[in-house]
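Features reported for this protein in Swiss-Prot:
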- 247, 248, 249, 250, 251, 252, 253, 254: ATP binding site (BINDING)
- 32-64: compositional bias 'Polar residues' (COMPBIAS)
- 32-74: region 'Disordered' (REGION)
């Protein structure tokens, strides 16, 4: 009879100890969770700050930086490729998207107003004459022009024409390819190299150059050679296309040989930045 109260008191004490222990565990868990949330918030803020910093740096670096501060050779080449390759890659990606869209619409019977407008815009930008009649779309000409210039080929030509981004024309005009301005369209802004096209950014320079190769009558044979590769289901590469670029330089084949040799010498370095 005496044992029963003792057992009851013992049970009560055990329950109290259990409650106290549980409260401490919950308190610690809450503190840990709060600490984790605080850590995540700080990490998130750091990520936002990094993105903002990247955005600011991207805006600042829209023009070609002064690459002469890098030692000549590999360090300067790497700095140049880090600067120009994103724009070349982006340009070719945009072209590929438009080309794929054209291919997907090639056998389409009915066109929506939005599709007509898009086709009209592409034809205009690539200087392809089109009456607007969807039954008479110049597909061969469109697909011959709306195509990539091999990324490594563009990078090699930019490096060759600009001295890896150190020429006065590249630094002052953002002109990486030695593109001359048309008569009556040249602007003689202070500090710019006269007689040559001036661009507001590296991106604009790359876009103008690629568009020039894809539209100018002088490079018709280059585009036809590229179209033949497509027809044969072969890859459009720098190795295949550099020697197909005729009429680009007054030096003729010797320039193509020089360009190809430069590409071969820097092929691995360029590939590492693609």
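For all residues, glycine too, the Cβ spot is worked out from N, Cα and C.
Residue 248 (ATP binding site): 17 other CB atoms within 10 A of its CB, across all protein chains. With every protein chain in view, the residue among the binding-site residues 249, 250, 254 whose Cβ has the most Cβ partners within 10 Å turns out to be 249. Residue 251 (ATP binding site) carries neither a helix nor a strand DSSP state and counts as coil. Same-chain residues that are not part of 247, 248, 249, 250, 251, 252, 253, 254 yet have a Cβ within 8 Å of the Cβ center of the ATP site turn out to be 246, 255, 256.
Sequence-distant neighbours of residue 253 (ATP binding site) (same chain, six or more apart, CB under 8 Å from its CB) are 243, listed in sequence order.
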